[in-house]
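Here's what TrEMBL has on this protein:
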BINDING   Asp93, Glu94, Asp185  divalent metal cation binding site
DOMAIN    87-272  domain 'RNase H type-2'
Amino acid sequence: MSKLGLMIMNEFKSMTVGQVKSYLTNLQGNNQDLSQADRESLVLDSRKGVHQALTAFDRQRAKESLRRAHIQAMRSREEALMQAGYQVIAGVDEVGRGPLAGPVVACALVLPADMPLIDFDDSKQVSLSQRQKLVAAIDQYAIDVQVAEVSAQQIDETNILQATKAAMSQAILALCPRPDMALIDAVSLPTLTIDHQAIIKGDASVYSIAAASIYAKVYRDRLMAQYHDLYPAYDFINNAGYGTKKHLAALAKFGPCPIHRLSFAPVKAAIR
């Protein structure tokens, strides 16, 4: 072993196991790897706790590498479109097609190309606390975010698909700068004059759509919590308007409230 290697090894030997763990944790927090000399020194350390700390560090580094690769894969469509000449690319998604009450909500957003790697994923796969943190990150970094609502009354006047398309179109057209490409989760908008792509399961595979999905869900959940204060019997704060057992029981007992979708079968049944 070189003199430098011996010096590094002696430096680690003078550290407690707890100090070694703290050193590795600090590296991990700064997304840094061990130098080859440091790694060799820790491998040669005779203490079991040091070996366990190194194993945990390597496991976390591998996990982080996979996470970053996943994010890069989700960003690949936007990157390809930018290379093709598109400059302002919007991600678009909706939430609230299935509930018996409340509006359908669409979010359209434009993220900067140099945005830090943030692990957006399908909003249904992310916890409430994590969604709220991600929304804060979107607010911090996004070039623009627009949300559009279409009410239960408007849904009843047309249908849920047309209402969804209307909300998406409104959100897209409100963006500034105006996008020259919109990536939309599953829904095609034939009347939209902007280039767009409808991507099946886009909320789980396309970076900007996943971000829009999370933003729309948090926005609508907060809105339904406000409606809960007005109509507490229906438990909107917990079901967001979906047809849970408690919600259906309240419908049967009290009938619909002003934000119920009267054209939806379970609500119709409660009116009779």
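These residue numbers are counts, starting from 1, taken along the chain as shown.
Keep in mind that glycine also has a Cβ here, set from the backbone N, Cα and C atoms.
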Residues satisfying Cβ distance under 8 Å from Asp185 (divalent metal cation binding site), sequence separation of at least 6: Val92, Asp93, Glu94, Ala198, Ile199, Lys201, Gly202, Asp203, Val206, Ile209, Ala212, Ser213
Cβ-centroid neighbourhood (8 Å) of the divalent metal cation site, Asp93, Glu94, Asp185 excluded: Val92, Val95, Ala106, Cys107, Met168, Ile184, Ala186, Val187, Gly202, Asp203, Ile209, Ala212, Ser213, Ala216
Residue with minimal Cβ packing [other Cβ atoms within 10 Å] among the binding-site residues Asp93, Glu94: Glu94
